[in-house]
């Protein structure tokens, strides 16, 4: 009897050990065969699902363009030897797309009655564009030539800054006038901040970014392109505050505010693994982006003076991060803070920059530059808001 009991116990133990072994063996085999997709592949899967619905027949063309090499523009440093740099660019068949737009505006206003075709807001934006002091060279549609690396001039300042030329559109839309106080709420790495200073209209510029490391990159850009006497504490301030709290810190303070928010950075997400927002460990961070963007835009609205203007921008195609964020922030500003803002008509940008960029025609608010093989800039969404009170 005792022997039978002992044999029964031993059999049960062997059975348990056998099941445990098989279970762990199965798990190990499953783990080794699980496909490990790179973050860029996860991004492409996500975009295929969402953007194919958003853009329909246009998505395949946009998709190919995003996966191809991006075009760049060269923002000429107004603090450097500008005329010599421009002469070299013209000799290489590059053109200043802002100057070309200004010539088009001049012809357009002479030959047509602008008020018949554009709203009052759009007409006002045409006027501001015609006075811009920014100079940015690009190669024509279909020309895939690349600009050489910028060199320092005799004073040690770099001659031009290479950037996606569509990144200048939010700065142009901001329409900075002489004597304006300006806030760049999410400033790093510094291309748009540099462009803001290049307008030579900022009485005072605050450049903020929560990341200390990114602010160091911003400071490097400032030292490389801006003379020391133009970036003193009296006219430029670099800070590392939480931008979402800016409306509480400096309420109704600035004439102009640029809110170039963190986003899924679609092109980067498809081409780079480093710091990719689609990494599995960053899923929650990516899902929270629209909330973060809404909070940042709301803070920018509250920081603007009545009568001042805010420009919101991203480098994503996502409606959820673009139009929906703008509409939600406008709603919250009115319902929770009694602050009323109105989206401004930027359709004139589509008219005067049509030879340089490929624009999406169906944005509910703002404008969106679509990547295109012949003009592979963007994506770049930008929307302008006027604070009424």
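Glycine is treated like the rest: Cβ placed from N, Cα and C.
Where the annotation comes from TrEMBL, it is an automatic prediction and has not been curated.
Residues or ranges marked as domain 'SAM-dependent MTase RsmB/NOP-type' in TrEMBL: 93-388. The S-adenosyl-L-methionine binding site feature in TrEMBL is assigned to 186, 187, 188, 189, 190, 191, 192, 209, 242, 260. Per TrEMBL, the feature active site, nucleophile maps to 315.
Cα spacing between residue 186 (S-adenosyl-L-methionine binding site) and residue 315 (active site, nucleophile): 13 Å, rounded to the nearest whole number. When the alpha carbons of residue 315 (active site, nucleophile) and residue 242 (S-adenosyl-L-methionine binding site) are compared, the span between them is 21 angstrom. The 10 Å shell around the Cβ of residue 242 (S-adenosyl-L-methionine binding site) contains 12 further Cβ atoms across the protein chains shown. Residue 190 (S-adenosyl-L-methionine binding site) counts 26 other C-beta atoms within 10 Å of its own C-beta, drawing on all protein chains shown. For residue 192 (S-adenosyl-L-methionine binding site), the same-chain residues 6+ apart in sequence whose C-beta sits under 8 angstroms from its C-beta are 167, 168, 170, 171, 184, 258, 260. Between the recorded positions 186, 188, 315, 188 has the most other Cβ atoms inside 10 Å of its own Cβ, all protein chains included. Binding residues for S-adenosyl-L-methionine (186, 187, 188, 189, 190, 191, 192, 209, 242, 260) extend across at most 20 Å, taking the greatest CA-CA distance.
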